[in-house]
Amino acid sequence: MGKIAFIGAGSMAEAIISGLITRGVTKPEEIHITNRSDEKRLAYLQNNYGVTVCSSIETLLEGAEIVVLAVKPKDVLAAVDAVKAHVTEHMLLISVAAGVQILSLEEILTKKIPIIRAMPNTSAAVGKSATALAINQYTQQDDLKLARQLFETIGSVAIVAEEQLDAVTGLSGSGPAYIYYLVEAMEKSSEKIGLDGETAKQLIIQTLIGAAEMLSNSDKTPAVLRKEVTSPGGTTEAGIKVLEAHGVQEALISCIQEAAEQSKRMGLQISQELTETLLHRNA
Ligand SMILES: NC(=O)C1=CN([C@@H]2O[C@H](COP(=O)(O)OP(=O)(O)OC[C@H]3O[C@@H](n4cnc5c(N)ncnc54)[C@H](O)[C@@H]3O)[C@@H](O)[C@H]2O)C=CC1
Ligand SMILES: O=C(O)[C@@H]1CCC=N1
């Protein structure tokens, strides 16, 4: 893989970089990166991963095959505005910004270039991201192949219609956080039931890995797998009754729906802000 330029150097950029370098897909120095102003953060990434830190947009983008936009949605307009003069049709722009529509990116860029919206998750750092990709009208098969290759080195890839990306964001983009939330609860409970932290941590992690592998390797549904753990009149049944009394499954469904809605709201807000900014510029 050729030169990859990252605009934004936060959690998601680091997770992707870490995954790419661990898997040896690209030489660390081929990864070029910049952020808004945090030099300490850039120095940390340079020291830990050997990536090339760029202080000028020209150096960042010159000869880049892929440009990854990894800034917060609210910063997309400023970030793309700052680089657009140096973006060419030979580059593939991949945006991981939640909610930000391809149309918004096209309107800021005013160039007919391939754009792929990606929704990975932070498990990219260990090569286990669940990523969904949506393409724009200028994306060729080779561009999609390149993006697929990039994200397959850090996990699995699904190709979806752009409209589905809000749902993907609520489900798997934010998904790791729901699992970590569950683990926080398991850790808190282990104190209450008298297990030491280290032992509990080991048991919890192995339980999660085992359950994930069962889901992945078995033909059984989650409901059947759950039933197999639940002996009549036993411990699991007693525990699940408490979850049901608290409406935990409904709460999780609402949580994912709300996250997907938030992705939609963020996208709409950015597209409205963009329309206003462009109207002002052209006035
Ligand atoms: N953190 C996550 O789990 C996931 C995040 N995303 C998306 O990835 C994007 C980045 O998220 P995080 O890495 O969590 O955010 P973050 O806040 O950790 O990092 C954002 C980075 O962008 C930089 N930045 C801001 N304005 C800039 C500009 N004008 N030019 C250059 N750099 C600029 C900041 O300095 C910072 O390095 C967001 O749009 C988010 O929706 C997508 C999937 C998962
Ligand atoms: O919380 C967020 O907005 C980002 C998008 C998906 C995961 N983190």
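All positions are counted from 1 along the displayed chain.
Cβ from N, Cα, C; glycine included.
Unlike curated records, TrEMBL annotations are generated automatically.
Features as listed in TrEMBL:
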BINDING   Ile7, Gly8, Ala9, Gly10, Ser11, Met12, Ala70, Val71, Lys72, Pro73  NADP(+) binding site
DOMAIN    3-99  domain 'Pyrroline-5-carboxylate reductase catalytic N-terminal'
DOMAIN    162-266  domain 'Pyrroline-5-carboxylate reductase dimerisation'
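Distribution of TrEMBL features across the structure.
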{"residue": "Ile7", "record": "NADP(+) binding site", "Cβ contacts under 8 Å, 6 or more apart": "Thr34, Asn35, Leu60, Val67, Val68, Leu69, Ala70, Val71, Ala79, Val83"}
{"residue": "Ala9", "record": "NADP(+) binding site", "Cβ contacts under 8 Å, 6 or more apart": "Ile33, Thr34, Asn35, Asp38, Arg41, Leu42, Leu45, Ala70"}
{"residue": "Ser11", "record": "NADP(+) binding site", "Cβ contacts under 8 Å, 6 or more apart": "Thr122"}
{"residue": "Lys72", "record": "NADP(+) binding site", "Cβ contacts under 8 Å, 6 or more apart": "Gly8, Gly10, Ala97"}
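Note on Ala70 (NADP(+) binding site): other Cβ atoms within 10 Å of its Cβ, all shown chains, come to 25.
Counted over all residue pairs in Ile7, Gly8, Ala9, Gly10, Ser11, Met12, Ala70, Val71, Lys72, Pro73, the record's binders of NADP(+), the longest Cα to Cα distance measures 14 angstrom. Per-residue confidence over the domain 'Pyrroline-5-carboxylate reductase catalytic N-terminal' (3-99) averages out at a pLDDT of 94.
Across the domain 'Pyrroline-5-carboxylate reductase dimerisation' (162-266), DSSP assigns 89 helix, 0 strand, 16 coil. Residues in the domain 'Pyrroline-5-carboxylate reductase catalytic N-terminal' (3-99) partition by DSSP class (helix H, G, I; strand E, B; coil) as 45 helix, 18 strand, 34 coil.
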